[in-house]
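Single-structure report; data block below.
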């Protein structure tokens, strides 16, 4: 999704992709494994700056890139906190940022003690590799984590697992922001993000009833995260709005994020254009809304038969105002294969339009 | 500029380009001559539908494509009227559409008679190959066209030249529209287009004081043109608003057009997305404005030293709200190398922003 703004701005973009797909149809694309140092280093020889659409490039390779003098944004020091949730929690606590009660647990006994101290239920997370609800489990007894402790022991790691209080929250919010290497930072309006089965289903921008304190606190947190962790590029801070009116940091994403897809059709500067500007250390674009309300609804799984494009005739006929984004991925249960944005004056209407249009692509 | 919406919609787009450039950096791009039948026919073997970003593909090749069963939009019958201004004038007159007084002139005598009958000055045009003011000349005596008549005679053509009255107009307007092969048609708001030295310099969308009669008449004309000429895809009708309050058809463009570039950042559906939808015979997108006013200012010529991207740091710093479109073409005096869009609530402000940002790229 960085390709369209790169084309508009005349920026020569190259993509190192894992497999064939939309991105791989572009001339400058190379197919290769981001975990292979030789592949990544060779790819980097031809570019001015390296960035990512996920956080999984190994630290060792990132540091080799930096050692070679390649501009890497976000840099390895910042990405570390997006790669390891235990390090992230430690760092955020050290910075004094509001987080759920958490602990590193290495044994079932330690986990049980945390459960006993925190209402008998908690969220257990593997520090690395989690994504869209994977590597996350709600537990109410330590023996429910026997397999994960065994896996950690087998891996030879002494890291343990991350356990967090089960936060009582009213809703989930996300604060999208962008920061240049030279330090300037901009914030989009805070949004509400609706999760289903641990996966983002919808985003409402701006979050209803968020003007004032909520928006200010969310931006303040994101600003502290960015400067405290040295983030560059676009990043998202996922937040819990608790039932007792606090904002707690849930997760960090150091890249353009699903909670920011609404910006493609609802903000003066999309998160993808902004990310290009930020990693190139260009001045950042305006982050205001072009219309009062924008709704983003994910297309999860896709159609049971055929592809998304087979449904265009029907979806476009009934919903001429929505913007359809198709990732060109094969449909698969639960997979994010696209999203729909709708923007306008009336919140109920844009939510309806985006949901109804997205429904054409799922069955 | 069709590439970004194609990527968003997951449509596999291939480009037959004349030379290296931005479009040529895309994987599916082939470098070749659109006047070479073999090149075009081979290119067409791999695609579902063929369309154009200019009208100059020879009729003979277009008809060969159609004979092979390739979907071609707009088709050769329609494109003919965009390729030949005399045929266009004849057809529009036959359809009863409002056009300037015109004549086909084959000799200096005929031209002189037209001049004598129409106030002593007129606009002379070569029927084919004109573009951005080229092939257009204001004459007040027949001998000023001696060279063009000699060139026509030398070419062996009996077509002659097109002469038109010098219309007294208040301003120039453009009506952008899109039509599907199955017949549905949609219209964007009519815009004002400001020309300098025969080249479009700025566009204001919607045209100030155009609501009501002007908008209705402009859309009516474009609808009649589309159905009368069998146009498919996006097209633009350039209009004169005369000092005596008539709208006259100046030129036709059967493709996404400079007067529609504002739609990229000011309309729910950009002309480039719409063109893809139309030529694929998909339902057309909504054509409303996302903000009350949008201004488009062309970047003509580009910087005297370096490239457009060299100026990004300054332009973006001062103008965070504008959208910069860079065609990746080498700067050359008078050449359209990009454009700037600005959208917002205040017409004066958006015009100022777009002009001031565009000025950073010209010196």
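From the backbone N, Cα and C atoms, a Cβ is placed for every residue, glycine too.
Annotation comment: TrEMBL describes A:85, A:125, A:164, A:165, A:166, A:167, A:172, A:250, A:251 as ATP binding site. Annotation comment: TrEMBL describes A:89-280 as domain 'ATP-grasp'.
Just so you know, of the binding-site residues A:164, A:172, A:251, the Cβ with the fewest other Cβ atoms around it within 10 Å is the one at A:251. Across the annotated binding residues for ATP (A:85, A:125, A:164, A:165, A:166, A:167, A:172, A:250, A:251), the two most widely spaced Cα atoms sit 18 Å apart. Under the DSSP three-state reduction, residue A:166 (ATP binding site) is assigned to coil, being neither helix nor strand. For the binding-site residues listed here (A:85, A:166), the lowest count of other CB atoms within 10 A around the CB belongs to A:166. Note on the domain 'ATP-grasp' (A:89-280): mean pLDDT across this stretch is 95.
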